Amino acid sequence: CCHEFLFQLQTDRKRVFVSFHRCSSKKAKAAALSLLPILTWLPSYPVKQYLLSDVVSGLSTGVVQLPQGTFAVISLMIGGVVVREAPDSMFYVLPANGTNMSAVLDVEARDARRVQVAVVLTTLVGIIQIVFGLLRFGFVAIYLTEPLVRGFTTAAAFHVVISQLKYLLGVETQRFSGPLSAVYSVKAVLSKITTTNVTTLLLGLSCLVFLYVIKHLNERYKKKLPIPIPGEIIVVIVSTGVSYGLSLSDDYSVAIVGKIPTGLLPPAAPLFSLLPSLVTDSFAVAIVGFSMGISLAKIFALKHGYSVDGNQELIALGLCNFISSFFQTFAITCSMSRSLVQESTGGKTQIAGLLASLMVLLVVVAIGFVFQPLPQTALAAIIMVNLLGMFKQFRDIPSLWRTSKIELAIWLVAYVASLLLGLDYGLLVAISFAILTVIYRTQSPKSSILGHVSSTGLYYDVDDYEEAAEYEGIKVFHSNSSIYFANSDLYVNTLKEKTGVNPVHIQAVRKAQKKLKEKTNSNHSSPLKVCAKVSQPFSSSLPGCLLSVNTAGYVDCKYTV
């Protein structure tokens, strides 16, 4: 036993040595490049071709990013969690100078607690996304088909526009989240329409018209302009100057960005005792955040001709959320409006995103006071104009109606469900419906009889192409789905219907032929005759048996010796 153990140990050592030997430097380099894609493209970054566009795009995106959160829906989801876990009722305290006075709300303590809840939620979201990425959970991106993604992002664009209406009009409304939040938000804005701030509205509309014209000029003269005209930067600079010079906030009650906190908070460990009550919410935020990011990534990848790795996106999002949560940050995801700003202003690579981040960092650390007079309505105009491209996806509906009714149904379900139920529940409904359509398509595959097009090697459906002709005595049956238990019966029935041949009846003919052969072994003087019913008249031949159809629709099998 000792000798056997030593021999096995030596064998295991050899296997380990061989395994390490096979792990060459090339494989290690490939693994590093797959984990850090920036190492692939940064060394060959075309400075002269891309740098100026990335700088303009990064500055434009950074300015838009300053006053708001990353994405409205994620913000509402997290806001709902922190309000639930730290409601106002927990922070009413009695004043220290008397007992007869009513309790007052300790705003500072409430906000500090809510920050702790948001930080812990961000930590847990990051952990979930990292684990999902390592477990290769990114494969779910294959269920985010193009119609689903386009319907989903169109609904998301509507959510963002609805969230910006109050800033464009200068009205104050309650925030809503959950199912029908879009409907409630529009209703709230319309109920306050009579309190619209005219100055805010005129400034916002002026920015809208100016940006729309700039976008049109950039698109029309794309080949002649070295870089796109930075409309967003112009709007921010001019509107900030006008707001400061005319004192729009003080004299006309125009909502502005206001005080921007300066400095960075020191790192601190999250309050992990809050974890148990946030698990379910963390999964929801993690999945919606990833889905939003991968959806926009797919849209841009399709437009610009590159591919996206869902697992890489999960790991990247997870690391950002997990590490930054120790610096008391907010859960991140892909921002639709900022992504569209970066793309429409000429951004080429991640350098634009890096510069946008540095811009935000610079403002937070040093020059935040410069943007304090920036009107909120100007930012709302920037966001709305950049979302116009998403609404062009409604053009998918006529083309999908002509090409595939099922794809059209997926688009509409994704759009309606995400618009009415919210992006979290809407996404779940859309994916479930898409999976059901896969089952339906495999259970009801399209089938046809193919015919040969003369002088070519092509075979087409004889019902759709007049040039396609069948070979005599041969049926070429085509089905666009693989066969499995759920569609096997339908496949067989369709095969019988399309070819006009029923194997049961053919088998009966063959059995009759066999009996005839046995009987004719004793008597070779006269031929015998049998009949078998078939599904439709046809003429063919079997070995030793001449088949023909009589007037009653029966096959006459005349056996000849």
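Glycine is no exception: its Cβ is also placed from the backbone N, Cα and C atoms.
Note that the structure is a prediction, hence the values are computed from the model and not measured.
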Per TrEMBL record, range annotated transmembrane segment [choices 66-83, 156-173]: 66-83
93-114, 225-246 - the range that TrEMBL marks as transmembrane segment: 225-246
Interface check, the transmembrane segment (225-246) with the transmembrane segment (193-213), three or more C-beta pairs under 8 A: yes
Contacting positions for the transmembrane segment (314-331) when only residues 6+ beyond its ends and CB under 8 Å are counted: 35, 69-70, 74-75, 78, 115, 118-123, 125-134, 137-138, 264-265, 267-270, 285, 289-290, 293
Contact yes or no, the transmembrane segment (283-302) and the transmembrane segment (378-394), 3+ Cβ pairs under 8 Å, gap 6+: no
Same-chain residues near the transmembrane segment (414-440), Cβ under 8 Å, at least 6 residues beyond its ends: 73, 77, 140, 143-145, 147-152, 154-156, 158-159, 177-183, 284, 287-288, 291-292, 406, 486
